[in-house]
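Chemist: I'd like to ask some things about the structure below.
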Amino acid sequence: MTQARTKKNPPLRVGVGGPVGSGKTTLLEMLCKAMRDRYDLVAITNDIYTKEDQRLLTVSGALPAERIMGVETGGCPHTAIREDASINLEAVDRMLARFPDADVVFIESGGDNLAATFSPELSDLTIYVIDVAGGEKIPRKGGPGITKSDLLVINKTDLAPYVGASLEVMESDARKMRGARPFVMGSVKSGQGLDEVIRFIERQGMLGV
C-alpha cells in the first residue's frame, strides 16, 4: 500500500543538466552528501544505454542505494527530459511512492549539448553545468542551457591554467549571456562553489518554509 505524504509542501524537483564530462554526477554526489542530513533526498539518473551514473552515485555513498534510480533512455538524452519526459515522470512517481516525504528529487540528465532544457512538468529548478576544460568560449556560445537555466555552474575552474582558458572572460561572457540570472564558478569536486549552489536551491526552492 502506498504511503501518504505528511509534509505540507510538495517535493522540490531539481534538474541537473550539461554536456558529457562537465561534472553533473560529481555535483549531484556532493549535493547529496552535503544535504542528506538536513533533507529527505532521492535521485534519478539518466543514461542512454547503461545505468552507470546510478552505479557511480551508489558506490560513492551519496545516498542509500534504494534512494537512487537509474533510467535508461535508449535515445537522445534531451528527449527524455523535454519532448517526452514520460519515462522520467514515471520514475519520479515511483520514487515518491517509496519515499512520500522526500524534500528534494534530483534528476540528472544524460550528457547533452547546449540546447538541452528540462520540461517544466519534470523540473521546478534547473541547474546547468559546463566545465572550463571545454574552453572559455562555451558561455558565449549560448543555447538554452546557458541562457535559460535557473543556475549556471561553471565547473573545474582549477583547470583554467592548463587549458589556456581565462576565467575573467568566462565570467564576463556568462554575465552578458545570462543577464540577471545567477551563475557559480568553482570546482565542485573540491567543494569550491558548492555552498553557493546549496544556498540557491534552498532559497529558490523555499526549502524549510
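Any Cβ shown, glycine's included, is placed from N, Cα and C.
Swiss-Prot lists GLY18, PRO19, VAL20, GLY21, SER22, GLY23, LYS24, THR25 with the feature GTP binding site.
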Chemist: Using the recorded GTP site (GLY18, PRO19, VAL20, GLY21, SER22, GLY23, LYS24, THR25) as reference, state which further residues of the same chain have their Cβ within 8 Å of the centre of those residues' Cβ atoms, listed in sequence order.
Modeler: GLY111, VAL129, ASP131, ASN155
Chemist: Please give me the CB contact count at 10 A for LYS24 (GTP binding site), counting all chains in the structure.
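Modeler: Other Cβ atoms found within 10 Å: 28.
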